[in-house]
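Worksheet: the structure to be examined is printed underneath.
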């Protein structure tokens, strides 16, 4: 198929205003199969996260900091998957896989915003579990509604600010001709690879900000769970230890899934970027992890399961 790409003459260089997303190059019949698979996953993800938000809002017993942050996570992932999946689904059915420059930059901005926000939000949730288990008597005093609102707002503000700074350096790069992005969405490394000018400054800014957004929350998570583990081991009864661990098992599972898949993608140099393996791993954290997170919380948390039953059956 012929890709129609409009170009613009700027300073005697040909600057593109369209990109071509290569996506998953497979046979047409397999493209149709992938469309139905990813459509089902997308719709199910939207349904799961919407039900969790509705259940938490409608059940007074879940009006606690832990579930406030969980509802924020579900709200975040509703938009997180919506930034990626609709365009990917359209490309499965279309021969024209172009995306405008503005569309690409908009997709990248919101994707980076949601990824950075989720890193920080998961660290905040780890801190919440740390206070609940290590300082149970002071927990209501420390984790007030005001503090929870401030922490949640801070997560979103950090995500939006980080994405804005990255976009200032990435969007001003020149992309010449008809760049083919070997990915199914506009991500930072594939974009930097198709730039026709020196992108070292943008790479450095991206690396430093990624280091801050990943390393600091990761340290908070590790420190929180280290102290949680020490506190649990001091509990004399095995039943008490099991109950304490069950309150943070769901969150720990979600953290491991999200951090392991995203670190594989973003924690190595651009020159080591392997597109084929990277696309597979990207599917895990952009499609599969948002689908699994609500299921993990439902399977491991009795209160969430009970609230969901009430919501679904209108009890």
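Glycine is treated like the rest: Cβ placed from N, Cα and C.
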Which range is it, out of 67-88, 177-198, that shows up in TrEMBL as transmembrane segment? 67-88
Can you say which of 32-55, 67-88, 108-127, 147-169, 207-232 has the most Cβ pairs under 8 Å with the transmembrane segment (280-299)? 32-55
Between 32-55, 67-88, 108-127, 207-232, 244-268, who has the most Cβ pairs under 8 Å to the transmembrane segment (147-169)? 108-127
Against the transmembrane segment (207-232), which of these stretches has the most C-beta pairs under 8 Å: 32-55, 67-88, 108-127, 244-268? 108-127
Seg_contact(the transmembrane segment (108-127), the transmembrane segment (32-55)) with at least 3 CB pairs under 8 angstroms, min sep 6: no
Would you mind listing the long-range same-chain contacts of the transmembrane segment (32-55), meaning Cβ under 8 Å and 6+ residues beyond its ends? 24, 26, 62, 70-71, 74-75, 77-78, 81-82, 85-86, 88-89, 92-93, 287-288, 290-291, 293-295, 297-298, 304, 307-308, 310-312
